[in-house]
């Protein structure tokens, strides 16, 4: 059983995650985790904060000399500007006034959070509801990616749409192509489309506006048989959708060709089955690598749609929760678009879901044992 | 804690569900449950099986004289043609040959299920992976709908698209309108669009083809504050997406305006906040009733996209798993489209997710206690 | 992930369990399950009911031709006298009066159950709180025992104490000895002590009284390494104690020498470690096969203490919940002692806990795969 | 849903816990948490380490200005001697040799941990399996105690036995008496018995030996109705036993009069029911406050038996895992007895279990809401 909890506020001392159930014997490359954190901070259209704060992961428990021990792993990502916020945010002792938020921002948890948890200072809501939390999940996801990599599983993401500009759908991109996403300013693989996206970002910046979009996560090297069709809550498509929809600003999740499949006749919506050289294969991957909620050996493909970041440079209409008078929502520094970075978050979350599913299927407490179990299963597939 | 497990095969003796955590004192109207089961069987474009088999729920435990006791509820929906299948499907004693499946159907769990669970008769896979399982979840969902109705929460669904025919998006439909969906052959609220959908269904039937589509679930009467933004796996958007994507054939889930939000500038993608007569309100509902993964008091709106049913009247290319020779996949009687019925399934699943979230928020062991807790909370909202 | 839910009332139509996560390819011997059910009904000092009602399990789903498919398994055990109770207990439709209980029995859930769930007819409580529920868990446990037997794991129980009569502690009993428990009227392995126990039972019957006692469960053939010390809730001693203490009437659980270990100096309370012929071993088993909450390869030994069944032939003082007047609690037919049968229940529950832990360690979806994973692990132990 | 994970090694940088589901609006008194940590370090017969290291809790997230926000709470307890261990224990970068353990200590997880997780340096096992982990659970439990105190629930513990010296069972101790346990060197309330216990501790110290014992936890102020009899895994006796048996060195758990109930006839083993002044009550509390796994309004009483700490001053027989040669297990500085401190751990764990159960029953997201729900329930009990 692999599970994890995260904690931390946007302007608190730091973010924390405890990962329980990581097997022993996994090499943890801290540079790789920090590299993943830096990927989350990239992207044309990011705000100032991202440039100031280079995130770094600290591993506090569960790893010894760079190798996991099987014990729970604690990861922390500090907030670099905490010293400026300490007097407003400290956990114990009196806090100073001056940073209260009483005008809820539309599109955020502010108002419902205040009502639900009985807060009159909405900072108590927004500090936790902030997308800042995804930093520590990217660090946790980097551990999951290191784990999956030991079994030849590789995870990529790229941007399909920013605002109204969308690439023609590039299904079946080769791995070599996907590797290049990080070289591109918006992590979009089509340079011509990307240049139009950049113009949209620039225009949005001028207008004090923000942009949503769509990213895609593609996973290579998955064995067939992850996930379970026998009970709805063990189907991998559901598990992935549940985790991905919880990404801040996510409003849509698709598996494989997704919504486009609603549009075409049944006989064109499936991936027919062939056999050659001792293995079953498909020539197409409309299903995105999942049939019946179980991996079928084709690349896993998921798409996530994001609404524009609701924090606006130009304020939105709202109401002061104390006075009940109309008042524009507070303007906070903001990214123009978070879609390129959200793709990196999507990779991390996909990795965490896959790691859980992988460990459920293969069991084992240390890497050598899991590798033997995995290899045996691969042999049974060949012999099937 | 509300939880449930389902069991049962498509041609086995019946389907079963155990629901644990239903509070005491809830009136269970069996006619209503059976009415919901009948709604799942409606819809233009359904196959013959649906017409033969009128599903009926049997409540076996947890209810006494029509009132829940707090004990786990067992619900069964029998398979009416079991007597014809008993000799092939019985759980104990020898089974007869003659119904083996060795050619996996593309788009189903058949092949990956056979590999994963080591089955050479793929009937062992398809019997459980079948969408037939949703019948008992509709029955379970009917219990959840009865529970939610006690708090004024009402759940509807309607069809937005069948094949390539889509209604112009009818956001913000009034409840009166949504009630009419069941009167329509395809559960689509726009008669003119629906007549075109029907033509598509007829044409698909002639071509031996199937059609996917999109349905929408709308929930009225939810209090603000269900779901939690404080931890990703308690966000209601994620919980809903996870459960809805596990519906057979689902390939996309959207919350509120969903993917369309990726397309518009940030300032148009939010629901500004107003206050009048002692309450906060919105004039729009682009977010679909969820901000930060928490209900905000507006109607909850989710959309699910379905691929066409992959069981084709004309067979698809596949391979016999024994001989490894190419062989067309078995043709099974099939619905042309399941989108109208899937909307009913979507209602049930939404109800089950909301009931869990509702009980987590309000606690309580019997209906009177929960109602008092609920009413208190409503008072605190008014006083906020 | 192996999990299960149970449902059913003492005088309802039947008991139900759904087991989710049983691997495919396990042979299910219905006779064995029924044999286990009959063992639960044995024992000197049982009441009339046990003699009338010979329990039989029905498998409704998840098994085909005697082999599990990997799908959820539904098991039912019918209540043979339901026809006499149907009009008082039916789930839907009006029920007749005449069987209401308004005087709570001390020592049962009656009063707290009535308060908690708002019941004025305490039958709604006692029907579910009844130890009758353990019948379906014995059936479920029989499936777990069949699973574990495939890996050479064997589970026994015997009675250590009835009332004040206790055997001198027979730690380290050989398997051959333990097999004989079922041949003894009270499942006690020391005939001389047992004859005294029988006298106590006879005297209690004459006095209209009941007796508690202690049983022990012993498990042979467990590999070292089940359970996890890395997080408290994965320690097997805790998991076992949690499940065993939930047996009706259980008031104490001990692992290995248990409470007696509190009594002796540290150097006598451990099992020193030796090595010979390629394996580590112990000469003693004071720890009962668990160190740090993990199996160490020695037999697992747990003891459960039961209070006397609180249902008395002579009534106890209580109060009518309607009139609030003192009134003796209802006298129900009762066993004099349930300790021998409870041992069988303890075996079943131990089996269910071990099966969950086993599947977590070895993963796998069908028996062949799990066996290979298991065998590999055994090899790594030898090579350690 | 209240849940938590802990992490950390005995000689690593520190211990960590994340608590998810703590309601908003709870005042967190850091001094109180540190007071609880100091109570865990008290007790005659503790080793040197306890005297050197005064534990202090740091709250890193989830609390602002001393009030919970509803967000996950991270608590850390640093290891004060980490600087001396840093080069052997650091998570990343090379570690120095010199602190390897290759001779497993009997009675600890060392050997099975090494086999299970594939470690050849058993330090990787013992660092996590150490009872040091309970420090952060005492801190977490202090949060739970603060929560419960808001509803008038108070938790105490005292020592019943050390080695062979046991107090005559003091059932039904008044709260005033229990408060005095911390004033006593061994936390035993009978001074004369305690003086004999002290002699045993002194003698064990001279002999290089250790002592186990029994402690009792008593909880006042619980409402009737916590826990659920409707499903075995929601029964509070099972939940408590599961959590308490996972305390390091615990080998027995009893509820109420526990094992002694196996010894007496049924009519003396129950708590008869009376009614006066508008409420039901009992004159005895043999059941320890739980009937059917549900609190009945009487004080909750649980007893935990501990084996002697298996770390001996004089070494035990063992085997080097590398050479396979017999070799005495490493001698580590040790407490003579941990029973007084374990009682404090037992309080914390009891508090955590009760808090989960309390939140499940009463729901709510902030303290005011929960208090209203609680108060309503109390009213319904009075009106029952």
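Glycine residues also receive a Cβ, built from the backbone N, Cα and C atoms like all the rest.
According to TrEMBL, the NADP(+) binding site annotation covers B:40, B:46. According to TrEMBL, the feature FMN binding site maps to B:128, B:129, B:130, B:292, B:307, B:308, B:309, B:310, B:311, B:333.
Note: residue B:307 (FMN binding site) has non-local neighbours B:107, B:212, B:249, B:251, i.e. same-chain residues 6+ apart with C-beta under 8 A of its own C-beta. According to DSSP, residue B:311 (FMN binding site) is assigned to coil rather than to any helix or strand. Listed binding-site residues (B:46, B:130, B:309) with a CB under 8 Å from any chain A CB: B:309. Residue density at residue B:309 (FMN binding site): 27 other Cβ atoms are found within 10 A of its Cβ, drawing on all protein chains shown. For the binding-site residues B:130, B:311, the ranking by surrounding Cβ atoms (within 10 Å, all protein chains) places B:311 first. Residue B:40 (NADP(+) binding site) sits 15 Å from residue B:130 (FMN binding site), taking the CA atoms of both as reference points. In sequence order, the binding-site residues from B:40, B:128, B:307, B:309 that place a Cβ under 8 angstroms from a chain C Cβ are B:128. There are 28 other Cβ atoms within 10 Å of the Cβ belonging to residue B:128 (FMN binding site). For the binding-site residues B:40, B:46, the largest tally of other C-beta atoms within 10 A is found at B:40. Between the alpha carbons (Cα) of residue B:309 (FMN binding site) and residue B:46 (NADP(+) binding site) lies a span of roughly 11 Å. Residue B:130 (FMN binding site) sits 15 Å from residue B:46 (NADP(+) binding site), taking the C-alpha atoms as the reference points.
DSSP assigns residue B:130 (FMN binding site) to coil in the three-state reduction, placing it in neither a helix nor a strand. For the pair formed by residue B:311 (FMN binding site) and residue B:46 (NADP(+) binding site), distance between Cα atoms is given as 13 Å, rounded to the nearest Å.
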